[in-house]
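This structure is in structure tokens; I'll ask about it shortly.
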């Protein structure tokens with residue numbers, strides 16, 4: 001009989017049998033089990049990463065739906081106003097007021113939005129914005145006079161003000177640091193998508209009767225806000241707002257859904273709790289938010305100058321005039337046919353939408369500041385060239401080609417940097433306890449400048465010509481280059497809490513950024 005558990009290996013040597021009942025295991029079997037465990041863990045991490053990114057992406061998309069309303073209104077009004085003039089027999093001054101009032105009134109929504117979002121939450125503020133806009137859009141659609149149309153316009157403006165202010169704040173607060181820039185640019189993407197839809201709507205319904213076509217154009221704007229109701233069942237509340245309400249466990253639950261690993265969740269939660277001024281579940285005594293904003297510390301003053309300034313420069317460079325009055329610009333260049341005018345505006349909308357996608361791809365790779373440089377310099381060149389073309393080249397095929405090229409170039413450069421990065425910065429740079437209301441102040445600056453430009457463009461163009469008006473815009477654009485260089489820091493790759501430290505250590509932007517960047521790098525290495 002042979003030895004039990006021993007068998008030949010075919011070379012005259014004996015080997016230990018590895019039967020299933022044997023208590024001994026081979027070394028390579030152990031390694032194989034470890035490898036399988038590692039592979040399983042890695043697979044689980046990949047699955048969680050994919051799931052997390054899909055969830056955060058869905059939240060960013062749904063939160064941005066209100067911005068479609070603003071974009072659609074801007075785009076559709078550029079064409080609808082042509083037919084409103086004919087149907088309701090409004091004057092040029094009434095036209096300017098009708099176009100510009102939305103931006104002015106929306107600042108009321110933005111101002112109220114900061115406080116409202118701190119009381120009822122970011123999520124329900126978005127819902128409120130959609131409801132107010134729907135009521136306003138419905139009134140505009142059924143308006144039989146200029147006065148009724150203005151009532152609807154005012155309500156729509158308030159709704160848009162709420163939506164524009166809250167979306168970037170919500171997305172910045174819910175996004176992982178590595179993707180925050182790209183995701184926070186979504187509201188600007190949706191504004192551009194709305195503008196394009198507005199232009200397409202103008203072109204599609206322009207063939208209807210004058211009494212009907214503009215009403216249909218405005219009514220279509222109600223549809224995007226309907227989807228916001230469905231979004232409320234999907235998106236969570238901001239974890240940072242939950243911490244401010246001392247609902248820390250709920251905040252942890254949201255962070256677990258929006259971050260890829262548990263360690264990062266705890267780190268982020270600790271940072272948020274510290275930033276919110278909560279210790280052992282108790283809120284520290286602080287000055288009222290508005291009192292702190294009105295008498296800011298040196299670091300907060302720098303934040304306010306940066307946030308408010310970049311918002312104002314976004315509008316005083318004339319982007320809303322370019323979009324609202326593109327038919328007038330092309331008419332001044334020599335396009336007379338209404339269908340061709342509206343088709344040219346569609347080309348502007350397509351360009352604006354395509355280039356915002358480029359910004360989304362680059363903002364977390366290249367950084368905020370390089371994109372702002374490309375954007376502001378490019379806009380300055382396009383605006384200056386457009387002013388020269390309209391003033392010197394005049395009407396004709398060359399004038400039309402130059403105008404179309406410069407307008408498309410201007411909106412392209414705007415979309416690459418100034419458009420999205422402006423909102424990204426104002427949602428990133430303020431401390432948690434002040435973020436909503438300080439961002440609201442920035443949005444107010446944006447809306448005031450937008451309204452001023454929209455309401456004065458026609459009068460200014462009559463006084464100093466369209467070419468002269470765009471020369472003025474080019475000067476403001478040149479000033480924005482200097483503003484970016486001097487007062488805007490790079491925030492790429494930094495948590496919201498680290499950005500607050502960046503402003504506190506503002507001896508020199510470059511030096512401060514390098515120190516923070518090195519610190520982050522060392523933490524990751526460790």
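Just so it is clear, glycine is given a Cβ too, placed from its N, Cα and C backbone atoms.
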From the ranges 31-49, 126-144, 240-258, pick the one that TrEMBL records as transmembrane segment.
126-144
Out of 310-331, 464-485, which range is noted as transmembrane segment by TrEMBL?
464-485
Can you say which of 370-394, 495-519 is given as transmembrane segment in TrEMBL?
370-394
So which range, 272-294, 341-363, gets flagged transmembrane segment in TrEMBL?
341-363
Report, as numbers and ranges, which residues of the same chain sit near the transmembrane segment (438-458): CB under 8 Å and 6 or more residues beyond its ends.
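Beyond its ends, the transmembrane segment (438-458) has Cβ neighbours at 92, 95-97, 99-104, 106-107, 110-115, 161, 164-165, 168-169, 293, 303-304, 307-312, 314-316, 318, 320-321, 324-325, 328, 422, 426-427, 430, 469.
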Using a cut-off of under 8 Å between C-beta atoms, tell me which stretch among 150-171, 370-394, 400-426 contacts the transmembrane segment (464-485) the most.
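Going through each listed stretch, the top one turns out to be 370-394.
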Have the transmembrane segment (183-200) and the transmembrane segment (370-394) got at least three CB pairs under 8 Å, pairs 6 or more apart in sequence?
no
Quick test of the contact rule: Cβ under 8 Å, at least six residues beyond the ends. What residues does that give for the transmembrane segment (97-114)?
70, 73, 77, 81, 84, 90, 125, 129, 132, 146, 149-150, 153-154, 156-166, 320, 324, 436-441, 443-444, 446-448, 450-456
